[in-house]
């Protein structure tokens, strides 16, 4: 039988902690005895975290390698349903493990000869996290409200068609995003008038 850490590949060869091993084990069990076997066999995760998202509820964030994100998203709806059953209704979200490279300053410019790609900038990574978070629904608009004290509130407009599927999770999404990026975000399902 495979070990519980078979589905988790940590960067720099670190050892997965107990919680990550539990998630890995759950994925293995799903792979063994569900019809997701073929899709899950090729996939692994890089990390997992459990966080509080207000109201005493907990959410599980599972980080996956960027190249495998598309494959995860093909089966994400079913995978999330199964994992939520296993972990007694905690919300589960999948997010790609992305790196943010620091902004080149005068001092640090000489060290890295390569230009920093757009996909490694803070803005791009934070936007991408938001998109991963709300999958399978799509972001159809964004408004950033800057208050007088300088604080920002991001209003994210989600696809009305997916409202029934994700509406019960929007608080979780806000909590997870705040935890990962420190930014406040509100989710809305606007009616579109042309």
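Heads up, the Cβ atoms here are built off N, Cα and C, so glycines get one too.
According to Swiss-Prot, the N-acetylmethionine annotation covers 1, on the basis of a large-scale study or a structure entry.
Its own atom aside, the Cβ of residue 70 (SUMO2 cross-link) has 9 Cβ atoms within 10 angstroms in the protein chains shown. Taken from Swiss-Prot, the feature SUMO2 cross-link applies to 70 (among others).
Taking a C-beta cut-off of under 8 Å and a sequence gap of six or more, residue 74 (SUMO2 cross-link) has these contacts in its own chain: 39. Sequence annotations record features per position, and here Swiss-Prot assigns SUMO2 cross-link to 74 (among others).
When secondary structure is read from DSSP and collapsed to three states, residue 74 (SUMO2 cross-link) falls in the helix class. Per Swiss-Prot, N6-acetyllysine is recorded for 74, and the stated evidence type is a large-scale study or a structure entry.
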